[in-house]
Amino acid sequence: MKTDRIKFLVFALVVLLIPLPLSGGYLTNVLIFVGINSVLALGLNLLLGYAGQISLGQAAFFGLGAYGSGVLTTAYAMNPWLAMIAVALCVAAFAFAIGFPVLRLKGHYLAMATLGVGVIVNIALNETVELTGGPSGLSGIPNLQVGSLTFDSDLKNYYLVWVFALGMILLSLNLVNSRFGRGLRAIHDSEVAARVMGVNARLMKVQVFTLSAFMSAIMGSLYCHVMTFISPSSFGFSMSVELLTMVVIGGLGSVYGSILGALLLTLLPEMLRTFQDYDIIVYGLLLITMTIYLPGGLAEGIPALFRRLVPVRKVTEGSDA
Amino acid sequence: MLSLNGIGKRFGGLTALEGISFNVGKGSITGIIGPNGAGKTTLFNVATGIYPPSCGAVLLEGKDISKLPPEGRARLGLVRTFQNIELFGKMTVLENVMVGLHTRSSSGLFACSFRMPWQMSEERRIRERAMELLDFVGIPELAAVQAGTLSFGKGRLLEIARAMALEPKILLMDEPAAGLNSSETADLADLIKRIRDLGVTVALVEHDMDLVMDICDQLVVLNLGTMLAEGTPRQIQDNPAVITAYLGEE
């Protein structure tokens, strides 16, 4: 438990120091999205990696958060912080309500149902033109403010997003190492046995689904204030698949794995500019390769690689002596 | 303690159980025996709420629990183990028992994510209690081992420790001796008696006749989904209908 705390502190320190040498350049901008994607992937990982329940509609909650905040702060000139909280609570209530019927389903059926939720929400964002601006998007969203501090530069937004992200990562770490997290993992391993042990599987699945929606909605709100412009295409099926890829590549059932996955898959398109239109193919190939050769994801693969390298070095040291 | 009143279970056109009625006396060890396919495991699944019965009622201490889901029955003290041990394979042995303490603790989503002080002390209490239970079944040294790597015999002991964590009033055990060697079975018999001595009523489905005759106070014999006989082990041994069901007719 103590080493967990130290691990988190080191991680937080790294996160907070990284932008200093970058001096607000292009990479800082990319790292903002790494922060947003980390929390989105983490929310999905709590659901998929811990409770074992798939969702192909995570982008919907992200989109609802973004559009909720976007519309309320432009058309209704609402206080952005108030809007963020109100929207996140509404999205959580929505997820809670649909969670009960949807999470009764298992496997492929659950995947289809959540996919349906994602598609319906995306169509709604596209079609309610008077409210959302439709496919051409919603612009003129204000930046967030605290007192006289306006979050209008990449560096400020980096700290804004990552403070939220670190908070949610810490809470998630607490959660997975607790009675609640054990219940989720028990449901994943054997739902029948978990229920016979008195774990209320149905309720816990809905609770974690609601939590992931809440986290996604908060990130949606932050996203719209950072970007100041949003369009429905950012919250479609391909975004849901991208999040799923981050979770699988990062490591199912690993909090830090979600962040690694988000980091890799957010940086990768930037590095592979030439693949831009074919990025979904690259994701697909990555997903296949990873599930075959590294089913535990990066969270398992990196330490394993490290362990494999360390004895090799010892052997060379021995031969030197 | 546990009463089954006219339990019937049909799967489509197949009648798996019909007209099963018996009582499991408080503080007793009751054995449910019968040839393969007699409906013993189905009866357990109905009693613990994994399947709803097609007809009849399940009563725990006189209260009708037929409509409750498995987790609701577990909370009332009706707990089971499985024939093919259902452990949480990716969790450690200690964590498995800690899941068993789920109903004996209450921290929810918020208390757990914010590490509230009462949640931390509850967590410590759960951990200590789980260690005591591993001591009780005799595998404290395996606490940190991943449950999926245990041998069948140790897995069985863990499953019993996990079930005992719920502080059951009645423990239903589905073939606890299956897959165990003779010395493990002897230890199991001793363990079941110690569980009974703690005031827990035990009902078990079992094929190992030596074990059943040794530890059970009362036996129920099922055959082809119906009740064939009920009585003490001695009465059952001399019952001609039972002998016919097991050995076939001349």
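Each residue, glycine too, has its Cβ placed from N, Cα and C.
Per TrEMBL, the features are:
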type	residues	note
TRANSMEM	A:33-52	transmembrane segment
TRANSMEM	A:59-77	transmembrane segment
TRANSMEM	A:83-102	transmembrane segment
TRANSMEM	A:109-125	transmembrane segment
TRANSMEM	A:158-176	transmembrane segment
TRANSMEM	A:208-231	transmembrane segment
TRANSMEM	A:243-268	transmembrane segment
TRANSMEM	A:280-299	transmembrane segment
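Remote same-chain partners of the transmembrane segment (A:59-77), defined as residues 6 or more beyond its termini with a Cβ less than 8 Å from a stretch Cβ, comprise 40, 83-84, 86-88, 90-91, 94-95, 117-118, 120-122, 125, 131-132, 138, 140-142, 212-213, 216-221, 223-225, 230, 232, 234-237, 239-240, 243.
The stretches the transmembrane segment (A:158-176) and the transmembrane segment (A:109-125) do not meet in space: the count of Cβ pairs below 8 angstroms, excluding pairs fewer than 6 apart in sequence, stays at fewer than three. Away from its own ends, the transmembrane segment (A:208-231) comes close to residues 32, 36, 39-40, 42-44, 46-47, 50-51, 53, 55, 58, 61-70, 73, 80, 83-84, 87-89, 91-92, 94-96, 99, 102-103, 133, 135-144, 151, 157, 160-161, 164, 168, 184 of its chain (Cβ-Cβ under 8 Å, at least six residues beyond either end). Within the same chain, the transmembrane segment (A:33-52) packs against the transmembrane segment (A:243-268): three or more Cβ pairs sit under 8 Å, each pair at least 6 residues apart. Same-chain residues lying 6+ beyond the ends of the transmembrane segment (A:109-125) with a Cβ under 8 Å from its Cβ atoms: 53-60, 63-64, 67, 98, 102-103, 132, 232, 235-237, 240.
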